[in-house]
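Residues annotated as topological domain 'Mitochondrial intermembrane' in Swiss-Prot, with similarity to another entry given as evidence: 1-14, 88-227. Residues or ranges marked as transmembrane segment by Swiss-Prot on the basis of similarity to another entry: 15-45, 60-87. Swiss-Prot lists 46-59 with the feature topological domain 'Mitochondrial matrix', giving similarity to another entry as the kind of evidence. Sequence annotations record features per position, and here Swiss-Prot assigns Cu cation A1 binding site to 161, 196, 200, 207 based on similarity to another entry. According to Swiss-Prot, the Cu cation A2 binding site annotation covers 196, 198, 200, 204, on the basis of similarity to another entry. Sequence annotations record features per position, and here Swiss-Prot assigns Mg(2+) binding site to 198.
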(Lines of atoms letter the chains of each structure in order from A; the text may use other names.)
(Lines give C-alpha, C1' and ligand atoms only; values in the text may rest on other atoms or scores of the structure.)
Protein backbone atom coordinates (compact mmCIF):
# COMPACT_ATOMS: atom_id res chain seq x y z
CA UNK A 1 0.00 0.00 0.00
CA UNK A 2 1.01 3.66 -0.18
CA UNK A 3 3.16 5.23 2.55
CA UNK A 4 3.94 8.83 3.58
CA UNK A 5 6.19 10.83 1.23
CA UNK A 6 5.94 8.12 -1.44
CA UNK A 7 7.09 9.36 -4.84
CA UNK A 8 6.61 6.29 -7.02
CA UNK A 9 3.79 3.87 -7.68
CA UNK A 10 2.73 1.20 -5.23
CA UNK A 11 4.37 -2.22 -5.35
CA UNK A 12 2.76 -4.48 -7.93
CA UNK A 13 0.63 -7.30 -6.52
CA UNK A 14 -0.94 -8.55 -9.75
CA UNK A 15 0.23 -9.33 -13.30
CA UNK A 16 -1.64 -6.31 -14.67
CA UNK A 17 0.05 -3.93 -12.24
CA UNK A 18 3.46 -5.37 -13.12
CA UNK A 19 2.78 -4.67 -16.80
CA UNK A 20 1.66 -1.13 -15.93
CA UNK A 21 4.90 -0.52 -14.02
CA UNK A 22 6.97 -1.76 -16.97
CA UNK A 23 5.00 0.48 -19.32
CA UNK A 24 5.44 3.45 -16.99
CA UNK A 25 9.23 2.99 -17.00
CA UNK A 26 9.23 2.49 -20.78
CA UNK A 27 7.25 5.69 -21.45
CA UNK A 28 9.25 7.68 -18.89
CA UNK A 29 12.53 6.62 -20.54
CA UNK A 30 11.30 7.88 -23.92
CA UNK A 31 10.16 11.19 -22.38
CA UNK A 32 13.55 11.60 -20.69
CA UNK A 33 15.47 10.98 -23.93
CA UNK A 34 13.30 13.42 -25.90
CA UNK A 35 13.62 16.08 -23.19
CA UNK A 36 17.39 15.65 -23.12
CA UNK A 37 17.60 16.00 -26.90
CA UNK A 38 15.45 19.15 -26.88
CA UNK A 39 17.49 20.76 -24.10
CA UNK A 40 20.73 19.89 -25.89
CA UNK A 41 19.45 21.41 -29.13
CA UNK A 42 18.33 24.59 -27.36
CA UNK A 43 21.71 24.95 -25.65
CA UNK A 44 23.48 24.59 -29.00
CA UNK A 45 21.25 27.22 -30.58
CA UNK A 46 21.95 29.66 -27.75
CA UNK A 47 25.72 29.18 -27.75
CA UNK A 48 26.63 28.84 -31.45
CA UNK A 49 27.27 31.79 -33.73
CA UNK A 50 26.59 29.83 -36.92
CA UNK A 51 23.39 30.64 -38.81
CA UNK A 52 21.70 29.23 -41.94
CA UNK A 53 20.97 32.29 -44.04
CA UNK A 54 20.64 30.66 -47.46
CA UNK A 55 18.67 27.49 -46.70
CA UNK A 56 15.36 27.50 -48.61
CA UNK A 57 14.27 23.95 -47.78
CA UNK A 58 15.52 20.91 -45.90
CA UNK A 59 13.67 17.90 -47.20
CA UNK A 60 15.84 15.42 -45.32
CA UNK A 61 15.24 17.18 -41.99
CA UNK A 62 11.49 17.39 -42.64
CA UNK A 63 11.41 13.69 -43.48
CA UNK A 64 13.29 12.78 -40.32
CA UNK A 65 11.10 14.85 -38.00
CA UNK A 66 8.05 13.21 -39.54
CA UNK A 67 9.27 9.61 -39.38
CA UNK A 68 10.93 9.71 -35.94
CA UNK A 69 7.85 10.97 -34.03
CA UNK A 70 5.74 8.31 -35.78
CA UNK A 71 8.19 5.59 -34.68
CA UNK A 72 8.27 6.93 -31.12
CA UNK A 73 4.47 7.12 -30.86
CA UNK A 74 4.17 3.60 -32.23
CA UNK A 75 6.63 2.30 -29.64
CA UNK A 76 4.40 3.81 -26.95
CA UNK A 77 1.04 2.85 -28.46
CA UNK A 78 1.71 -0.86 -29.02
CA UNK A 79 2.56 -1.75 -25.37
CA UNK A 80 -0.33 0.44 -24.23
CA UNK A 81 -2.82 -1.38 -26.46
CA UNK A 82 -1.44 -4.74 -25.28
CA UNK A 83 -2.13 -3.84 -21.65
CA UNK A 84 -5.56 -2.47 -22.57
CA UNK A 85 -6.55 -5.79 -24.11
CA UNK A 86 -5.08 -7.68 -21.15
CA UNK A 87 -7.34 -5.79 -18.74
CA UNK A 88 -10.42 -6.78 -20.77
CA UNK A 89 -9.40 -10.41 -21.22
CA UNK A 90 -11.16 -12.80 -18.84
CA UNK A 91 -10.34 -16.50 -19.20
CA UNK A 92 -12.44 -18.97 -17.19
CA UNK A 93 -12.82 -17.02 -13.93
CA UNK A 94 -13.21 -19.29 -10.90
CA UNK A 95 -15.15 -16.69 -8.95
CA UNK A 96 -17.45 -13.78 -9.81
CA UNK A 97 -18.00 -10.85 -7.44
CA UNK A 98 -20.54 -8.10 -8.01
CA UNK A 99 -19.70 -4.71 -6.49
CA UNK A 100 -22.42 -2.04 -6.32
CA UNK A 101 -21.65 1.57 -5.50
CA UNK A 102 -23.96 3.60 -3.27
CA UNK A 103 -23.81 7.00 -1.64
CA UNK A 104 -21.56 6.35 0.24
CA UNK A 105 -20.65 2.69 0.67
CA UNK A 106 -20.08 -0.46 -1.36
CA UNK A 107 -22.12 -3.64 -1.40
CA UNK A 108 -20.71 -6.98 -2.53
CA UNK A 109 -22.38 -10.14 -3.77
CA UNK A 110 -20.62 -13.46 -4.34
CA UNK A 111 -22.72 -14.66 -7.26
CA UNK A 112 -21.42 -18.24 -7.09
CA UNK A 113 -22.96 -18.65 -3.63
CA UNK A 114 -26.65 -18.67 -2.77
CA UNK A 115 -26.57 -16.25 0.16
CA UNK A 116 -23.22 -14.50 0.48
CA UNK A 117 -23.53 -10.72 0.27
CA UNK A 118 -22.88 -7.76 2.55
CA UNK A 119 -22.48 -4.00 2.70
CA UNK A 120 -19.08 -2.46 3.35
CA UNK A 121 -19.02 0.87 5.23
CA UNK A 122 -16.04 2.92 6.32
CA UNK A 123 -15.08 2.38 9.96
CA UNK A 124 -15.51 5.64 11.93
CA UNK A 125 -12.34 7.11 13.40
CA UNK A 126 -13.52 6.56 16.99
CA UNK A 127 -14.05 2.84 16.31
CA UNK A 128 -10.60 2.16 14.86
CA UNK A 129 -8.46 -0.49 16.53
CA UNK A 130 -4.68 -0.11 17.04
CA UNK A 131 -2.89 -0.46 13.70
CA UNK A 132 -5.96 0.25 11.56
CA UNK A 133 -5.86 3.05 9.02
CA UNK A 134 -8.04 6.14 9.20
CA UNK A 135 -10.43 6.59 6.25
CA UNK A 136 -9.31 3.24 4.78
CA UNK A 137 -10.75 0.61 7.14
CA UNK A 138 -14.18 -0.95 6.60
CA UNK A 139 -16.54 -2.95 8.79
CA UNK A 140 -16.72 -5.84 6.29
CA UNK A 141 -13.65 -6.71 4.26
CA UNK A 142 -13.98 -8.38 0.87
CA UNK A 143 -12.26 -11.74 1.26
CA UNK A 144 -10.90 -13.26 -1.96
CA UNK A 145 -8.63 -16.18 -2.87
CA UNK A 146 -5.14 -15.33 -4.09
CA UNK A 147 -3.62 -16.65 -7.33
CA UNK A 148 -7.13 -17.20 -8.67
CA UNK A 149 -8.74 -15.52 -11.71
CA UNK A 150 -11.66 -13.47 -10.40
CA UNK A 151 -14.20 -11.53 -12.42
CA UNK A 152 -15.45 -8.29 -10.89
CA UNK A 153 -18.83 -6.97 -12.05
CA UNK A 154 -19.17 -3.31 -11.11
CA UNK A 155 -22.18 -1.01 -11.25
CA UNK A 156 -23.94 1.72 -9.25
CA UNK A 157 -27.40 2.29 -7.85
CA UNK A 158 -27.36 6.10 -7.75
CA UNK A 159 -24.53 8.24 -9.17
CA UNK A 160 -21.17 7.66 -10.85
CA UNK A 161 -18.58 5.89 -8.72
CA UNK A 162 -15.25 4.24 -9.52
CA UNK A 163 -13.95 1.03 -7.93
CA UNK A 164 -10.17 1.31 -7.68
CA UNK A 165 -7.40 -0.67 -5.97
CA UNK A 166 -4.05 0.84 -7.10
CA UNK A 167 -1.67 -1.95 -6.01
CA UNK A 168 -3.65 -4.45 -8.11
CA UNK A 169 -3.84 -2.13 -11.13
CA UNK A 170 -7.64 -1.90 -10.93
CA UNK A 171 -9.88 1.07 -11.71
CA UNK A 172 -13.33 0.53 -13.19
CA UNK A 173 -16.19 3.01 -13.39
CA UNK A 174 -19.45 2.16 -11.63
CA UNK A 175 -22.21 3.58 -13.82
CA UNK A 176 -25.95 3.41 -13.00
CA UNK A 177 -27.76 1.07 -15.39
CA UNK A 178 -24.53 -0.34 -16.80
CA UNK A 179 -22.53 -3.40 -15.74
CA UNK A 180 -18.77 -3.08 -16.25
CA UNK A 181 -16.35 -5.91 -15.65
CA UNK A 182 -12.68 -6.34 -14.94
CA UNK A 183 -10.39 -9.19 -13.97
CA UNK A 184 -8.47 -9.60 -10.73
CA UNK A 185 -5.68 -11.97 -9.79
CA UNK A 186 -3.40 -11.29 -6.83
CA UNK A 187 0.05 -12.85 -6.65
CA UNK A 188 0.43 -12.62 -2.88
CA UNK A 189 -1.76 -12.56 0.24
CA UNK A 190 -2.47 -9.48 2.32
CA UNK A 191 -4.71 -6.46 2.66
CA UNK A 192 -5.13 -4.22 -0.36
CA UNK A 193 -6.69 -0.79 0.05
CA UNK A 194 -8.52 1.36 -2.44
CA UNK A 195 -11.10 4.12 -2.61
CA UNK A 196 -13.85 5.45 -4.82
CA UNK A 197 -12.02 7.38 -7.55
CA UNK A 198 -14.94 9.36 -8.97
CA UNK A 199 -16.31 12.43 -7.20
CA UNK A 200 -19.76 11.26 -6.11
CA UNK A 201 -20.97 13.74 -3.52
CA UNK A 202 -20.18 15.18 -0.11
CA UNK A 203 -18.94 11.89 1.39
CA UNK A 204 -16.93 10.79 -1.64
CA UNK A 205 -13.79 10.51 0.51
CA UNK A 206 -15.51 8.03 2.83
CA UNK A 207 -15.92 5.09 0.43
CA UNK A 208 -12.85 2.90 1.08
CA UNK A 209 -12.29 -0.53 -0.43
CA UNK A 210 -10.46 -3.28 1.45
CA UNK A 211 -9.63 -6.59 -0.21
CA UNK A 212 -8.29 -9.39 1.95
CA UNK A 213 -6.46 -11.91 -0.23
CA UNK A 214 -6.00 -15.31 1.41
CA UNK A 215 -5.04 -18.84 0.26
CA UNK A 216 -7.83 -20.77 -1.43
CA UNK A 217 -8.35 -23.14 1.52
CA UNK A 218 -8.82 -20.23 3.91
CA UNK A 219 -11.29 -18.63 1.51
CA UNK A 220 -13.32 -21.83 1.29
CA UNK A 221 -13.46 -22.01 5.09
CA UNK A 222 -14.51 -18.36 5.34
CA UNK A 223 -17.21 -18.69 2.67
CA UNK A 224 -18.63 -21.79 4.38
CA UNK A 225 -18.85 -20.05 7.75
CA UNK A 226 -20.24 -16.81 6.29
CA UNK A 227 -22.86 -18.07 3.84
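Glycine too: its Cβ is placed from the backbone N, Cα and C atoms.
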Taking the recorded Cu cation A2 site as 196, 198, 200, 204, identify the other residues of that chain whose CB atom sits within 8 Å of the mean position of the site's CB atoms, giving them in sequence order. 101, 104, 159, 160, 161, 162, 197, 199, 201, 207
In the same chain, which residue numbers or ranges, 6 or more beyond the ends of the topological domain 'Mitochondrial intermembrane' (1-14), come under 8 angstroms Cβ to Cβ? 20-21, 24, 166-170, 184-188, 190-193, 213
Between the Cα atoms of residue 198 (Cu cation A2 binding site) and residue 161 (Cu cation A1 binding site), find the distance and write it as a whole number of Å. 5
Counting every protein chain present, what is the number of Cβ atoms, excluding its own, within 10 Å of the Cβ of residue 198 (Cu cation A2 binding site)? 18
Going by a 10 angstroms cut-off between Cβ atoms, which of the binding-site residues 161, 204 has the sparsest surroundings? 204
Within the same chain, and leaving aside 161, 196, 200, 207, name every residue whose CB is within 8 angstroms of the centroid of the CB atoms belonging to the recorded Cu cation A1 site, in sequence order. 101, 103, 104, 106, 162, 174, 195, 197, 198, 201, 204
Work out how many Å separate residue 204 (Cu cation A2 binding site) and residue 196 (Cu cation A1 binding site) at their Cα atoms, rounded off. 7
Residue 204 (Cu cation A2 binding site): secondary structure state under DSSP, collapsed to three categories: helix
Based on DSSP, name the secondary structure state of residue 198 (Cu cation A2 binding site): helix, strand or coil. coil
Near residue 200 (Cu cation A1 binding site), which residues of its chain come within a Cβ-Cβ distance under 8 Å, counting only those 6 or more away in sequence? 101, 103, 104, 159, 160, 161, 207
All chains considered, the count of other Cβ atoms within 10 Å of the Cβ of residue 196 (Cu cation A1 binding site) is 26
